[in-house]
Ligand code: PLP
């Protein structure tokens, strides 16, 4: 068996050590006599798995005790609705920073529940940068300020946590959580789907400051109420137990690798060498403002766009797969999350040079 390098934006590569461990434990977890898939979520075995995952996440991100950690379903897309449903409280408006396709979707969904004040938008430039903080228009009566830390499709990433102008800061960290250290205390709420940097698809992590939850807008379904989930240890209804367990294995792997700071050093190195190869070439280009280039998702175009299909097909034949850009923007994109080995990035760079030599 040869494992290929999978540059998919998500679901994406998982650490091989995690997959092997899951394989070893598939028939029996510990001395339980059963697979994790077969366990009751209310039993002592799964209880231990769930507790360990939360403790490891708290340790990896240094999450302060006044924050609740929730393991939910519905993806980050459900959070686009749950955030306003739970955080609006008595306010009529919420502020959103518009930096690309995913913040656009968050804005569209929030508009169903409140007035959305777009604090800043990078639309005019084709979403290639983050508007300067000094130009943001913050409504001090708004319930919160939302931004997308990493635009997975556009390849734009905030390099610092922005000043929220006194509002609770809400962040979609779906595609860069655990790729760099963060100061959780700067946030009111962080949410992230697991399927990029944390595990397989099917579970979403929400980290929320306790005092912000407990009031929902009228008509909010119980299953969309953070407080109900928090009070029930994320077991208000049957959770995706096996995915929760796999997420826990990824967190254990991260700890064994040395934690988030070590991963950040690796991620910087991987991204820098890929952008350097793109910038040095006459065939490839990346349009993003260098100050906001994503370390996780590297979109690129070929000078002759007709060659992009050939590029993706030839790369796939060499075990470098899923390099096509998102269907909404086209082009090419290499997603290089925590689990992408540096050797995978090196193999991609070598292939790009060879392709340019032959077609450039
Ligand atoms: N937000 C960001 C930044 C994403 O990259 C994605 C998915 O790719 C989503 C939200 C939507 O996540 P889900 O498909 O889990 O609902």
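Cβ atoms here come from the backbone N, Cα and C positions, even for glycine.
In TrEMBL, annotation is done automatically, which means it is predicted and not curated.
The feature L-glutamate binding site is assigned by TrEMBL to 42. Summarising the annotation, TrEMBL assigns pyridoxal 5'-phosphate binding site to 76, 77, 102, 152, 172, 195, 237, 238. Marked as domain 'Aminotransferase class V' by TrEMBL: 4-348. According to TrEMBL, the feature N6-(pyridoxal phosphate)lysine maps to 196.
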Residue 42 (L-glutamate binding site): tally of other CB atoms within 10 A of its CB: 10
In sequence order, those recorded positions of 42, 152, 196, 237, 238 whose CB lies under 6 Å from ligand 1: 152
All-chain count of other Cβ atoms within 10 Å of residue 152 (pyridoxal 5'-phosphate binding site): 26
Nonlocal residues around residue 102 (pyridoxal 5'-phosphate binding site), in sequence order (Cβ under 8 Å, 6 or more apart): 76, 148, 151, 152, 153, 172, 174
Those recorded positions, out of 77, 195, 196, 238, that come within 10 angstroms of residue 42 (L-glutamate binding site) at the Cα: 238
The one of 77, 195 whose CB sees the fewest other CB atoms within 10 Å, among these binding-site residues: 77
Mean per-residue pLDDT computed across the domain 'Aminotransferase class V' (4-348): 97
Between residue 196 (N6-(pyridoxal phosphate)lysine) and residue 77 (pyridoxal 5'-phosphate binding site): CA-CA distance (Å): 14
Residue 172 (pyridoxal 5'-phosphate binding site): tally of other CB atoms within 10 A of its CB: 27
Maximum Cα-Cα separation in Å among residues 76, 77, 102, 152, 172, 195, 237, 238, which the record lists as binding pyridoxal 5'-phosphate: 30
Residue 238 (pyridoxal 5'-phosphate binding site) to the residue listed as 'N6-(pyridoxal phosphate)lysine' - Cα separation in whole Å: 23
Number of Cβ atoms other than its own within 10 Å, given for residue 238 (pyridoxal 5'-phosphate binding site): 10
